[in-house]
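Novice: Supplied in C-alpha cells, the structure appears directly below.
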C-alpha cells in the first residue's frame, strides 16, 4: 500500500539529516506528477530490490506513536466493557451448565480464576502497548489472550473485534515505540528514531481495505434499495435531514446511499493530499454519528484514531510546535528523528547505496503478503462453505457491516427420546448465553451436540434435536432457515462443504417487499401483520393467543390447507382468500402448491387495545379533575390518580396501579430527556465507573484465590456483594447494562414449549 506524496517524505529537519548522510535530495520526486500524487516514482517499484528500498524508506515515527498510544488506550477501556471483564463471572462461572460456541470444539475456557488471570495479562499488555513499555513483549501479552478470548466465543464475533486483533497483530511487528514511549526514555537507540515506511503502509492499507470492502459489500441490492437499515432514519440524529426530506427518503438517500458513497470513497479521500481534509471531516462526522447510533464500543474511536495515520507522519511535531513553550517541555520531542537500523538509507552514487538486509526484505514481504491476504479473505467463502448461510461466512472478517438486518418471529426446539419416542420442547436458548446461534449452521450443530450431552441428565436418552427457526432478512417474508425435519445431532456438517439442511433464501419473493409495505401502511395503528413464506411439503403449527381476539390468515400466493386442530376441520385457501382463526387454539398451515406459499396473519391484540382505552380514559379523567371540568368527586379507589401514589385508604384497582406505574415511567423518561448536560454526563461516568470498579474488585478476588487459595463461600459471597455495590450512583438509578445481559442460569429443559404467536 503506497502513501501520499507528503506522507512519504520526512519532515524538513529529517530531510536535512538524510541529505547529510545520503548526499541526495528528493527534488526529482517532488517534480514528478506520480511522485506528488503517490509519494513514489515508477522506478521505485520497478524491481523487488527497489520495492524493498521503498518500503523501508526512513519515515518520521511521530504519527505511528500517537496511534499506538491511542489504540492501546482504547483497548484498556475496551477490556472491562466489550471484552467482558466486568461480567466475566457471569459467563464463565465454574460448574455452569452452558453450551459454548468456540471456533474449535477443543478450545474451552479455563476455570474462572484463571480466566481473570488471562484478562489481567491482556489488560497489562494493552497498558504496556499504550505506554510503549517493553513494547514488543506488551504487544504479545495483549495479542495472545485477545485471540484466545476471541476464538473462544463465535457468538461475540463482529467486524470491529476482528479489526482490533488485526491491528494488534500488525503493531507487534512494528517499531511503534520509537517516539513518545517509555522504551525511548530508557534506551537512547530507540528514542526518536526513524521507522520504515512499511509500518505506515500496512496500517493505512488495513484501514483502506476496511472502508473500501465495506463499500463494495454495500453494493448489494438490499442496501442500494434501502432495505438494510430501514428504521435507522427514525433516530434523532437524522432530524436535520427531515426538514427537507421525508423519513423514507432520509433512509434511502442519507443512510444508505451516503453510507455507500462514504465507504467507497473514504480511503481515497484520506489517501490523497488534496482531498484529505474533506475525508477527515466526513469520516469524523460518520464515526461520531455511529458512536450514538450503535452499541459498538470503542470502534468509532479507534477509527477516529486511525484517520491521522494518512496525514504527514510529522504532524504531531507541528502540533507541539504551536503549543506554549512550558507545555512543550512535557510533550514529545520536536527534534529530527535519528537514523535506525530498521530503515534503508540512500547514499550518493560515489559511495554506493545501502543494501537492504534480511529484516528489510522480510518487512517488505510481510507488507505485500498481509495486504493480499486481507484482500482475499472477504471473498474466500468458496473455501469455507460450511459457514455460509443466507449470508457468506462468519460475521466478522467480511466487512459486510450493517448490510443485513434480521428479525426472528418463531423459534421452536423439539426433542425426541431415541428409545421411548417421547416428544418434548425446550425454551429457545436454553443452556446458552447468546441468541446468534439461530442464524448459523455451525453454531446450531454445536448447540444440538451440547444439548444431546445435557439432556440425558434430565432422563432423555439418545435425544434427537429438531429446530424450527423462522427468520426475515431485510424486510422479506418470514421463512424457515433450516429444515425442521432433520435431526441436527446426527446431521452432517463440515466447514468446507455446503450445509445440506440449510433452506434457501427465497430471493424470487424479494419484489414482494414493496407490496408488503403497502399492506402495512394501509392498516390502522392497532392492527399487526406478519408475512410468511413456506416450502412445499412443510407445515406450520401455530397457536393463537387468547389476547388476539381478531386473527385471520390470508393467502397471497400458492395454495395452503388450514387445519383447525381442536375442531378437526380443514379449509383450503386459494390466492386472495382468507379465513378467521379461533383464539386460544392450535392450527396448522400446510403448503399444498408445488411452489412456496405466501400468506399473512392479520391480528389485533384486543386485550392490549382494551387496556390502552382504559388507560386513556383514566388520563382524560385525571386532566378533567385537575382543570376543574369534572365536578363529581372521585371515588376513594381513584384518589391515587391525583396524588400520583398510594397513600393509605383502599387498595387501588390493578388498572389504577398500572396507570400509576406508567405515569412514573413516563415522568422518569421525560426527566432524563430534559436533564441538563452535566447531569447526563455524570450519570454516564458513574455507570462507567461501576464497570471499572467491578472489573478491578473481581479481578483482585480471583488473583487472591490463585495465590492464597479460596476462602469460605460465605466470605466469597460477601466480597462479590461488595463488588456489585454502586456506591457512587444516586438511589433509584437503574442498573447499568452489562456486556452480557443474558441469564446465566438457563431454564430446565423439560419446560413447556414456548409458542411465538404470528
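Each residue, glycine too, has its Cβ placed from N, Cα and C.
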Novice: Which residue range, 293-313, 314-334, 335-355, 398-418, is the one Swiss-Prot calls transmembrane segment?
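Specialist: The range carrying the transmembrane segment annotation in Swiss-Prot is 293-313.
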Novice: Is it the same side of the membrane for residue 55 and residue 603, going by what Swiss-Prot records?
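Specialist: The record shows them split across the membrane, with topological domain names that differ.
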Novice: Which is it, of 236-256, 257-277, 362-382, 425-445, that Swiss-Prot names as transmembrane segment?
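Specialist: Checking Swiss-Prot against the ranges 236-256, 257-277, 362-382, 425-445, the transmembrane segment one is 362-382.
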Novice: Among 9-29, 30-50, 93-113, 114-134, where does Swiss-Prot put the label transmembrane segment?
Specialist: 114-134
Novice: Under Swiss-Prot, the annotation transmembrane segment belongs to which of these stretches: 137-157, 158-178?
Specialist: 137-157
Novice: Using DSSP, break the topological domain 'Lumenal' (158-292) down into helix, strand and coil residues and give each count.
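Specialist: Across the topological domain 'Lumenal' (158-292), the residues distribute as 97 helix, 3 strand, 35 coil.
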Novice: Residue 99 (disulfide bond) has how many other Cβ neighbours within 10 Å of its own Cβ?
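Specialist: For residue 99 (disulfide bond), the count of other Cβ atoms within 10 Å is 21.
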Novice: Within the topological domain 'Cytoplasmic' (314-361), how many residues are helix, strand or coil going by DSSP?
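Specialist: Split by secondary structure, the topological domain 'Cytoplasmic' (314-361) comes out as 15 helix, 1 strand, 32 coil.
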Novice: Would you mind splitting the topological domain 'Lumenal' (82-113) into helix, strand and coil residue counts from DSSP?
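Specialist: Secondary-structure breakdown of the topological domain 'Lumenal' (82-113): 9 helix, 0 strand, 23 coil.
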